[in-house]
């Protein structure tokens, strides 16, 4: 039985698997199969919109979701793939997630922000799969009565997403003696707000 406030949104451009023959012989786990995405959650009681998708993110949609006549400030944050990490040229990032847990964690973060900052709405979208340089991996939009709580909520939600949400990324590098495709898996929490590493890295050649 579906929770009365839990209303899945329908994406107009769903991702369709392109290799049905290979997937039938060696099926991917459900949470790693792009054909099972986007996965979205909408909680009408707090105007919360959550999304995990393999499609490019749509900042205009994120802002439209949170607009409210009671909001005096709308803040949008876009996290993009930068061209270097630790002075090494980056080819791309690849994100993976365990969606059932990740969506529950995102809901907890969003509800906490709504309560703490009296938000009129919040939208959190995270892209999965390959995200190339200058493309967006996360979009966070918040609406509040005034600019100060909107700014603070946006930053706090971002930091909590990086610290707690069950999403992992692989950084693939080029040049500097490394062939394209060399990379490292790490949790989002492994880098701080300045892009510096925290803790040990898990290397993959």
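Backbone N, Cα and C define each Cβ position, glycine as well.
Copied over from Swiss-Prot, here are the features:
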- 146, 147, 162, 169, 170, 171: substrate binding site (BINDING)
- 183-205: compositional bias 'Basic and acidic residues' (COMPBIAS)
- 1-36: region 'Disordered' (REGION)
- 179-205: region 'Disordered' (REGION)
Span of 146, 147, 162, 169, 170, 171 around substrate - largest C-alpha separation, Å: 37
Per DSSP, three-state class assigned to residue 162 (substrate binding site): helix
Those binding-site residues listed as 146, 147, 162, 169, 170, and which of them has the most Cβ atoms within 10 Å of its own Cβ: 169
Other CB atoms within 10 A, centred on residue 171 (substrate binding site): 21
